[in-house]
Amino acid sequence: MSHRFDNLPDLFNLPLKPNFSCELDLQKQGFFHIAGVDEVGRGPLAGPVVTAAVILDKDHVPDGLNDSKKLSAQRRNELYCEILQSALAVSIASLCARTIDQSDIRKATLEAMRRCVTGLAIPAHYALIDGRDIPFQLPCPATALIKGDQHSVSIAAASIIAKVTRDRMMKCAGQIYKNYGLEKHVGYATLAHRIALDKYGPVVGLHRYSFAPLKGRFRDNMS
């Protein structure tokens, strides 16, 4: 289900920081519980893709919400706690490396987005999705916004929740798989990570065998 509202943001005139204008436009049209949806982890060689959906309370929006990539780790963690305390609803979903390999990263990301919107404790009346694509079978109408985390505070909040959640998951994985430095690069294709892969090979269930440079070099024998 998709929907386009009248006053889409100007993608060539990004605000200095995300704001609540998209949400206010939708509320004027009768959509009150608006979920911002974002993902983290499309590109890494290891770990899950994580998505989050956040419905903010318009009267209690945390100060300083921004694209998670523009915030320090400390500030992300602070805002993570503030969002969980003040938001009307927060939902998180993830899909593992093996599921990504069996499908593809785009399909896995959209499915995780669908799951997190569906999993909100308060049903969303509308969803603002970061990116170009709208997941199939959402329980509400939706609009995809390119660079949405730079337009919408709801999407920015979702990006922070997803980023902090995934980083923590990868740091935990780093305590188990100590040879890969996961707590530092959280699965991305850094030089240190690629060197570790050359030396130790990938971990079944952790690494994405369908991604270069693993594809064609290694085989998931449990698939």
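Each residue, glycine too, has its Cβ placed from N, Cα and C.
The annotation domain 'RNase H type-2' is assigned in Swiss-Prot to 32-223.
Taken from Swiss-Prot, the feature divalent metal cation binding site applies to Asp38, Glu39, Asp130, supported by sequence analysis. Secondary structure at Asp130 (divalent metal cation binding site), taken from DSSP and collapsed to helix, strand or coil, is strand. The 10 Å shell around the Cβ of Asp130 (divalent metal cation binding site) contains 27 further Cβ atoms across the protein chains shown.
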Notebook entry, point to check: Which entry in the list of binding-site residues, Asp38, Glu39, has its Cβ near the fewest other Cβ atoms, using 10 Å as the limit?
Noted result: Glu39
Notebook entry, point to check: Relative to the mean position of the Cβ atoms of Asp38, Glu39, Asp130, the recorded divalent metal cation site, which additional same-chain residues have Cβ within 8 Å?
Noted result: Val37, Val40, Thr51, Ala52, Met113, Ile129, Gly131, Gly148, Asp149, Ile155, Ala158, Ser159, Ala162
